[in-house]
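Straight from Swiss-Prot, the features:
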- 33-53: transmembrane segment (TRANSMEM)
- 77-98: transmembrane segment (TRANSMEM)
- His83, His182: heme b b562 binding site (BINDING)
- His97, His196: heme b b566 binding site (BINDING)
- 113-133: transmembrane segment (TRANSMEM)
- 178-198: transmembrane segment (TRANSMEM)
- His201: ubiquinone binding site (BINDING)
- 226-246: transmembrane segment (TRANSMEM)
- 288-308: transmembrane segment (TRANSMEM)
- 320-340: transmembrane segment (TRANSMEM)
- 347-367: transmembrane segment (TRANSMEM)
Amino acid sequence: MTNLRKTHPLMKIINHSFIDLPAPSNISAWWNFGSLLGACLIIQILTGFFLAMHYTSDTLTAFSSVAHICRDVNYGWLLRNLHANGASMFFMCLFLHVGRGIYYGSYLYKETWNIGVILLLTVMATAFVGYVLPWGQMSFWGATVITNLLSAIPYIGTTLAEWIWGGFAVDKATLTRFFAFHFILPFIITALAIVHLLFLHETGSNNPSGINPNSDKIPFHPYYTIKDALGLTLLFLTLLLLALFSPDSLGDPDNFSPANPLNTPPHIKPGWYFLFAYAILRSIPNKLGGVLALLASILILLIIPLLHTANQRSMMFRPISQTLFWILTANLITLTWIGGQPVEQPFIIIGQLASMLYFLLILVLMPLAGLFENYMLKPKW
């Protein structure tokens, strides 16, 4: 009798994707983040589903419903802490996954890469609307500041902002629709993730050397299922340590105060995972210019495949590009730090220089480094 996993219509798809999938024999732990992101998504959907059973999306009761979840619901405090810190773990894995893609040239699988960028934008949108739901001070003012950026769009800006708000300011209608968005978007993310995998399995995985691995492949199970299991264990352990011992360390103290439209916090800032983009937004004094820079900071990822000039795919054997990559990483950490600081000197100038360096590295220096490395590899005799 033929093995059921190879003949059953549904099992066959799972088999080709996770069991008999030919995978390069040399992929490192940097290739673990795909499965970790899948695990993060499942955790967020499950914890979010149970939280939604007790949450009320009304401006009068939203804040107290979150307090009720933490105090009165069985293990509600754990659900809330896992969900809030799960978002941080999700973004940490996302940033490392994107970084891996840039370092090893995975962006040359253009369809997979472009779907990945759309996924990143969708996850960011989901996290933003989710941050508003507890209806604390930072939730309300974060929503006000970020949605107000839409009004910078010429002609239609104000109308668009009011359309998103469902009124003339962030209020009950805004909270209700943000809850609806926050509930539906994870399912859209799941669908996009399946498409992402579909495109990846058309080409097969890249590997650290950047060389075609077809001559040396091994089955995904048991080799990489065991490897993924180790990664998942470390992810769950980190998440549990964070959620149980330091659940509020990545949040904002202002969010423990209920939203008050009459009292502006001294320093409005989003979640830590948005701070690099927020710093780029603030580094330009003009409102529309800032919004365009904010969009460009993420959408620039879409043109990275077009900026690849090197003859080698991976940065593994390209020391100049490696150096620039780690400067870019340090620069993004600097931007994240600046985004959390008040708008005063010397933070303003540091933010402006770091923002300029971010675009300079991606658009000019890294493509030039690729060309220079090609020249250095040419025989000179």
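Just so it is clear, glycine is given a Cβ too, placed from its N, Cα and C backbone atoms.
Note that this is a predicted model, so its numbers are computed, not measured.
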Could you check whether the transmembrane segment (33-53) and the transmembrane segment (320-340) come into contact, where contact means at least 3 Cβ pairs under 8 Å with the two residues of each pair 6 or more apart in sequence?
no
Against which stretches of its own chain does the transmembrane segment (113-133) lie, if we need a Cβ under 8 Å and a gap of at least six residues from its ends?
55, 57, 62, 66, 87, 90-91, 94, 97-98, 101, 106-107, 139-140, 142-143, 146, 174-175, 178-179, 181-182, 185-186, 188-189, 192-193, 195-196, 199, 270-271, 273-274, 298-299, 301-302, 304-305
Nearest to the residue listed as 'ubiquinone binding site' by Cα, among His83, His97, His182 (binding-site residues)?
His97
When you measure from the Cβ of His182 (heme b b562 binding site), how many other Cβ atoms are you left with inside 10 Å?
22
Test of understanding: give the count of other CB atoms lying within 10 angstroms of the CB of His97 (heme b b566 binding site).
20
Proximal but sequence-remote residues of the same chain as His196 (heme b b566 binding site) (Cβ under 8 Å, at least 6 apart):
Thr112, Ile115, Gly116, Leu119
In the same chain, which residue numbers or ranges, 6 or more beyond the ends of the transmembrane segment (226-246), come under 8 angstroms Cβ to Cβ?
29, 32-33, 35-36, 39-40, 43, 78, 81-82, 84-86, 88-89, 93
In whole Å, note down how far the CA of His97 (heme b b566 binding site) lies from the CA of His83 (heme b b562 binding site).
21
His83, His201 as binding-site residues, winner by CB count within 10 A:
His83
I need the CA-to-CA distance for His182 (heme b b562 binding site) versus His97 (heme b b566 binding site), whole Å please.
23
